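Student: My questions all concern the structure below.
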Amino acid sequence: MKQRLLFIGPPGAGKGTQASRLCETHGLRHLSTGDLLRSEVSAGSALGQEAEAVMNRGELVSDDLVLAIVRSQLTALNGQGWLLDGFPRNVAQAEALEPLLGELQQSIETVVLLELDDEVLVERLLARGRADDNESVIRNRLEVYRQQTAPLIDYYQARGLLISVDAQGSVEAITTRLEASLA
């Protein structure tokens, strides 16, 4: 199985769930950028302090700062396989990630696109019951995904790295399809 993966897909497609399952089964390190940011802040590292100051102002953490955190994590893995989830979110970030991986003598082996119909995504996200998950907010998040993140599909497809996995059905059914596509 591939050892350096990237997950992309719309909110509610099950990226976090499937990433956790795959990493546990295959001994990969799950690098979720949201979790990495929170971990750096909790640890009080220099990068964490910088990220915390930005987040406390209600601003988005810069691409450079996220890249620095990703670099730090990848360097610490000493060759262990990884799955990157939540970054890159746009083509500019993907273009910035490539030279970083080159410096570390690593590369993305496969990009997994979890695909799902919008109506199913909306139903899933509403069923989670999060306070900020109302239908208009969810539809706005899907639109932001289409504008910013969806161009990554073409970017990675042009590089021959993209595989699509149907993310409809049960968690187990999706995992089965995912495992088969990565075999």
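Just so it is clear, glycine is given a Cβ too, placed from its N, Cα and C backbone atoms.
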Student: Among 8-14, 127-133, find the range that Swiss-Prot records as region 'LID'.
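Tutor: When 8-14, 127-133 are checked in Swiss-Prot, region 'LID' belongs to 127-133.
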Student: If Swiss-Prot gives Gly12, Ala13, Gly14, Lys15, Gly16, Thr17, Arg128 as binding ATP, which of Gly58, Gly160, Gly169 does it give for that site as well?
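Tutor: Swiss-Prot names Gly169 for this ATP site.
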Student: Using C-alpha positions only, work out which of the binding-site residues Glu59, Val61, Phe87, Arg89, Arg130 is nearest to Gly16 (ATP binding site).
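Tutor: Looking at Cα distances from Gly16 (ATP binding site), the smallest one goes to Phe87.
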Student: Going by DSSP, give the three-state secondary structure for Arg128 (ATP binding site).
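Tutor: Where Arg128 (ATP binding site) sits, the three-state DSSP reduction gives helix.
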Student: Could you round the CA separation between Arg130 (AMP binding site) and Lys15 (ATP binding site) to a whole angstrom and send it over?
Tutor: 17
Student: Among the binding-site residues Lys15, Arg130, which residue has its Cβ surrounded by the fewest other Cβ atoms within 10 Å?
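Tutor: Fewest other Cβ atoms within 10 Å, among the binding-site residues Lys15, Arg130, is found for Arg130.
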Student: When the number of other CB atoms within 10 A of each residue's CB is tallied over all shown chains, which of the binding-site residues Gly12, Gly16, Gly169 has the maximum?
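Tutor: Output for this query is Gly12.
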